[in-house]
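**Q** I have a structure I would like to understand better, so I am pasting it below and will then ask my questions one at a time.
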């Protein structure tokens, strides 16, 4: 049985580094000022950001996007100076790039990462560069921060995950359970990722979502895809999510997740019919609609999917960092929430997310799990009993093995187009 340990007990080879011990970290951004609600009254975009319940603190920062060409970065997280080491970098078709990295302790922050380096999802960052802008998710000691453009500036947002919207509408439990052809031949005690697969996703953002975000929406979408792929790598899923296309729509949102998702999915109802032409042209297996509805984080068309139902809607502010983008695609692959939240055993008794809630200390949860009783960070991992975080298995074979579900169904979805 393959067993991997991550976090403080981890030892993983970090790729893409050739950093001398004497190297200097490049400053990614410098603080300008913490923005108060009173000072944001004259700027609607800032006012909306500060009014978002999950926004704890907003700080204007001065960004040097060119710093992401370097293997080490340093910056200040609301008064605390930190340094990060690059694990890999990816080039984007539009000329941009994605920088993946890990935070290091002060004792090794200026040394090259080796096989003894830590690989901790609670101390990691992913940054998308587009021209002079940076859009990224930063987790330090489990706490989520977002770096993003807003108008002609950049802001660092400290996020209070306990105040994020509910994951789904109340009628989530009435979603159809859609049988899928699967490949459930990996044993319960095994951790095989099976044959690699690629799922292509078409992302459509409403104009309302683009306006409300006020940043570079395409970069946010690229960040969502990058985070999803990192989660698949972290959990040994053997799956790559590929951005087939991104476009916007002038569709006027109804204010109801179920209605908007139905209209997105419909091929001849007169609302967003053209996206199905785009789907075919781009050979997208899955479609995701980004909307400006803060009532919930997202909604999938079912637990499991067919080629005609592989659609989901996501509130833009939950898509990254909180991993709702990957979460909803997980539902389309038949993944369910943690067993305490969702006791259904269909289609897989083991197909649930996982929460770790110790009597004392900090807990955590995987991508498909609802929040802990005392609130806990959502880590970019799928439940998997064969992977441990700080010595704690991230699932169990009987009720919490989302990795196995994704491996079962990935080939089916990858063949939708």
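Each Cβ is built from the backbone N, Cα and C atoms, and glycine gets one as well.
Features from Swiss-Prot:
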- 1-25: signal peptide (SIGNAL)
- 327, 331, 337: Zn(2+) binding site (BINDING)
- 328: active site (ACT_SITE)
**Q** Same chain only, sequence gap of 6 or more: which residues have a CB within under 8 Å of the CB of residue 337 (Zn(2+) binding site)?
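**A** When sequence neighbours closer than 6 are ignored, residue 337 (Zn(2+) binding site) has 167, 352, 353, 368, 369, 370 within Cβ distance under 8 Å.
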**Q** Rank the binding-site residues 327, 331 by the number of other Cβ atoms within 10 Å of each Cβ, and give the residue at the low end.
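**A** Ranked by other Cβ atoms within 10 Å, the binding-site residues 327, 331 bottom out at 331.
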**Q** Around the Zn(2+) site (327, 331, 337), what further same-chain residues have their C-beta within 8 angstroms of the site's C-beta centre?
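**A** Once 327, 331, 337 are set aside, the remaining close residues are 167, 168, 300, 328, 330, 335, 336, 353, 367, 368.
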**Q** Within 10 angstroms of the C-beta of residue 328 (active site), what count of other C-beta atoms is obtained when all protein chains are considered?
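**A** Counting Cβ neighbours of residue 328 (active site) within 10 Å gives 27.
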**Q** Quick one: what's DSSP say for the residue listed as 'active site', helix, strand or coil?
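**A** It is helical.
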